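Trainee: Okay, handing you the structure first.
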Amino acid sequence: MQCCNQQSSQPKTTTTCPGGVSSCYKKTWRDHRGTIIERGCGCPRVKPGIRLICCKTDECNN
């Protein structure tokens with residue numbers, strides 16, 4: 001599984017997820033800096049107020 005792992009509006013980068021990981025995530029939230037985007041492997045739990053998208057194809061979280 002290949003997932004994007006760049007932060008916010010940085011140039012696209014990808015990572016190969018460890019064995020057994022079959023999903024990618026994209027978390028989005030706002031703070032004093034503006035909209036923050038975090039991407040990576042897996043599908044983590046998030047706090048209320050954080051938007052989470054999980055998907056199951058290569059680089060689907062761009």
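Every residue, even glycine, has its Cβ placed from backbone N, Cα and C.
Got these off Swiss-Prot a minute ago, pasting:
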COMPBIAS  1-17  compositional bias 'Polar residues'
DISULFID  C3-C24  disulfide bond
DISULFID  C17-C41  disulfide bond
DISULFID  C43-C54  disulfide bond
DISULFID  C55-C60  disulfide bond
REGION    1-20  region 'Disordered'
Trainee: Near C17 (disulfide bond), which of the disulfide-bonded residues C3, C24, C43, C54, C55, C60 can be found within 10 Å, Cα to Cα?
Mentor: C3, C24
Trainee: Using C-alpha positions only, work out which of the disulfide-bonded residues C3, C24, C41, C60 is nearest to C54 (disulfide bond).
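Mentor: Among C3, C24, C41, C60, C24.
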Trainee: Is it possible to get the count of other C-beta atoms within 10 angstroms of the C-beta of C43 (disulfide bond)?
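Mentor: Around C43 (disulfide bond), other Cβ atoms within 10 Å: 16.
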Trainee: Would you pick out, from the disulfide-bonded residues C54, C60, the residue whose Cβ has the largest number of other Cβ atoms within 10 Å?
Mentor: C60
Trainee: Measuring Cα to Cα, tell me the gap between C3 (disulfide bond) and C41 (disulfide bond) in whole angstrom.
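Mentor: About 6 Å separate the Cα atoms of these two residues.
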Trainee: For the compositional bias 'Polar residues' (1-17), what are the DSSP-based totals of helix, strand and coil residues?
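Mentor: Grouping H, G, I as helix and E, B as strand yields 0 helix, 6 strand, 11 coil.
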